Amino acid sequence: MSTLALAFDLVARWEVLLAITLAAVFGLFVGAIPGLTATLAVAVLVPITFHLDPIAAVGAMVSCSAMAIFAGDIPAFLLRIPGTPASAAYADEGYKMTLRGEAEKALGASLLFSAVGGLFGTAVLMLAAPSLAEVALKFSSFEYFWLALLGLTSAAFVSAGDPLKGLASLLIGLSASTIGMENPIGTPRFNFGSIELLGGVNFIAALIGLFAVAEILRYALKPSNNPHSVPQTSVGNPFRAWGKMLKTYWRNQIRGNILGVVVGALPGAGADIAAWMAYSISRRFSKQKEKYGTGHVEGIIESTSANNAALGSAWVPALVFGVPGDSITAIVIGVLFVHGMNPGPTLFLINPENIYAVFLIFIVANILLVVLGWGAIAVSKRILIIPRRLLMPVILAFCVTGAFAGNNNTFDIGVMLCFGILGFLMEENGIPVAPCILGLLLGEVLESNFITSMLKADGDLFAFFSRPISAGLGILTLIIWLFPLIRTVQALRVRRQKTA
Amino acid sequence: MRAIKIFWEEAMRVTDRTLGLVFVIAALIMGFMATRLPGGAPGNYGPDVFPILLSIFAILTGIGLIVRNSANQGTLKPLVRRVRLDWVRGAAVIASPIYAIVAMPTFGYSLTIFPVLVLLMAVFRCRLIIILPVAALCTIAIKYAFINVLSVPLPTATFLPF
Amino acid sequence: MGIVKLLSAAAIAAATMTGTAFAEYPEQTITIIVPWSAGGGTDAAARTIGTILERDLGQKVSVINRTGGSGVVGHSAIAAAKPDGYTLGLITSEINMMHWMGLTELTHEAYAPLAMMNEDPAGVHVAATSPWNDLGAMVEDIRANPGKFKGTGTGIGGSWHLALAGLLNELDISADALPWIPSKGAATGLLDIVAGGAHVAPVSLPEAAALAEAGKLKTLAIMSNQRAENFPDVPTVEQAIGVPWSQGVWRGMVVPKGVDEAIVEKLSAAMEKIYKDPEYADFMQKRGFGLRYMGSAEFGEFLGEEDASMGVVLKAIGLAKQ
């Protein structure tokens, strides 16, 4: 108890609270701009944290990343332009709600369940960090290969309207991910002699292109086909609306939280993948499957619960073994070192008040998320009032700047434009763009874990089933894949019997 | 007897058969290029394995699209209403990033983004009295945000002090 | 006549003006290009150097990340920068590998070296459950069972791969005896060692510290001339098996070739001052980075020697393009 009191003293100081709040506002701002990710927000904070005391430094990074992941939903829902990759899975769903005048409801749901998810992730971090980290250590390339395949399966659910075209989109994304030399062997592929393409397609530039630039192109090319501004309904007292949603969708929330925590704790998978998998699971088991894709809050709730829960549990392997759970914790580990809080099991034994202070900050940050987030929703809603003919050029300016800023490279502006045209053509032909993003995200993971597994096993395919967790994941994947096939065969047999 | 479905859509749509064909051709090209890649150092699992697998899947998907199109002939016919496209506006959107790529290194950030904003707002038919102040304000705001808040160094004009 | 006089006067004026310009260097913002992404180790080192340089020279220093292509993009950007002394770069070991592997034409000759600022020697890490308790046992086991054990910790042809392959090459063990499993980074590779997917990871000691502390890994040796201050129990390769071998990753400050001698000297002196600054030492120590300094001339010599030895190792393991 005295440890907790000590930790409380560490956190309840004005410079710590000020750092957390300022970082939170900064995170909201960065996350809401298309093309700027939560990782970038945290990276920018790094030089500033050197001058802060350890707890304030870690607190700033925690609150900044939590805000940025939520804020990515704001442009995703209002303009169908995801602010961060983690929002891409359900951007369409939220945008459809906005078109119905339910922007506030959608964003409110995202905010509440982000905060609850974050708190759940924190609870797991506090109670189960060491044992969860042990599980994460059992994952090698075999397990990650199956996990990536499971992740890809969600493409089928995101594009349930036309699975074949969803598959086509996924394959476009996977193929684009093979460009460059970021493959296990390090051989340059499909770069056509370009040095810039050696590093592969810049994911952020592609994301901005597929969503934002494609949207602007559509607006420009098809003036007769633009949604007129929809009168937005207010949800009134947010707490009453939240109470109702919690009551209806608590199952989704808990399932999303658990999935997020598990996926987040694995180094090599993160909040983005958690959001995708949660969306597809929610759709698969929903009683109202037909409503998905038309602007249904259920899928949003489950995936937003997952991505913020993943954010907390990504700290598990980072704190216990110094192994980053995602790109954000990779940066955090560096900062912890600088402040003498070297990650490792001793972090929990020597001066445990430090680590408890970090946990307390997680709680503070998630409560702060609700307050600041609600303010951000109220402000950003006004974007919808701005006429599109003025808004679209400004968004394009942000996109160009964002694509440039990632690498300080004009080449990525070209990448963004190419994916913008590609995204426009795809959607015109009924090919959804979301699976393409998933393919880009997972292509490298899938390939490297497949190839390294084959190298380790000297080409023995059975090795994918020779380890307990790997075998379990593999069988699960195969069942999910074969299930629709079995159903079709059965249906055919039934039909044949009827005609006979 | 299945009912003949008719639906209207406003899209630049090609038939599934054309789409499938494009897919198959693209996949064949990728597969062919992959076979020309160096075999990779260790074992037989070189850089060519994954792209070849992908191209096989892509060919199957393309064939699937073609077959489905033929099977659906007559039963599922999209009556696509050809939408009138505004090519001038589209060209302006595509030209803007291209201009940015060319101009940014020499003209610097402000002199690149400001004309882009003015051009786009003009082709989108905003009033001139709004365009200039809004474009100027946005350029300054974005530049300030990126340089001072995000500490991203944006290029400056090589011939001007700002 | 008059025109010639005027021209020569102008030339003299220009010469004196540029002369004074050099004397007043630096008079505008200095940029440091980092070939790796923001938030990483090289980036953190560059930002610390930048902060101290800004204070010492009294001129704004901004750090730019030019990532991609396994460092090729950033290293090329440093070489291609205008040689006016206002663009510096923090180059890393990769500069001596990528041209051998045919990724670029660029070599260290494109730069004028200022100083080496850090070096992290490679360690030899194995799982805690591994039967090997010293480096000698490991090496002999690999020699006796070629192809049975696997190494990991970086991509194929990465620094850590070459460090271990070079050692085996030195001991006349064929490169095929220890097949390499490419991994995304040191952390991924170490996890694979713990999970039992591979057997040895030659990455730096600080990277493995947390897992070693947790009792998941043991460190058999450090590829350096002397033991590391933070890890006094780990023997050097020479102490373990009697063969001198040191290899690691390093970072050094450079400017593109063609920068005025006076500016190079001034910057070189500035780097030495930074290296001796307690703030720099304190940062490197806390971050777990190894300290090693070489002045301009010494660093230049080192670059040439290392380039040659990297060529030998890369050819031996068949990664060098002909």
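Residue numbers in this text run from 1 along the chain shown.
Cβ atoms here come from the backbone N, Cα and C positions, even for glycine.
From a predicted model like this one, the values you see are computed outputs, not experimental measurements.
Under the heading transmembrane segment, TrEMBL lists A:16-48, A:55-78, A:106-129, A:141-160, A:197-221, A:258-279, A:314-337, A:357-378, A:390-407, A:464-486. The domain 'DUF112' annotation in TrEMBL covers A:17-438.
Nonlocal intrachain contacts for the transmembrane segment (A:314-337), taken as residues 6+ away from its ends with a CB within less than 8 angstroms of a stretch CB, comprise 38-39, 42-43, 46, 49, 57-58, 61, 65, 124-125, 128-130, 132-133, 136-137, 264-267, 270-271, 343-345, 347-348, 355, 358. Within the same chain, the transmembrane segment (A:16-48) stays apart from the transmembrane segment (A:258-279): fewer than three Cβ pairs sit under 8 Å, each pair at least 6 residues apart. Here the transmembrane segment (A:258-279) does not lie next to the transmembrane segment (A:464-486) in space: the count of CB pairs under 8 Å, restricted to residues six or more apart, is fewer than 3.
For the transmembrane segment (A:390-407), the list of distant contacts is 33-36, 40, 79, 81, 202, 204-205, 208-209, 212-213, 216, 219-220, 383, 413, 415-416: same-chain residues at least six beyond its ends, Cβ to Cβ under 8 Å. Over the domain 'DUF112' (A:17-438), the average per-residue pLDDT in this prediction is 86.
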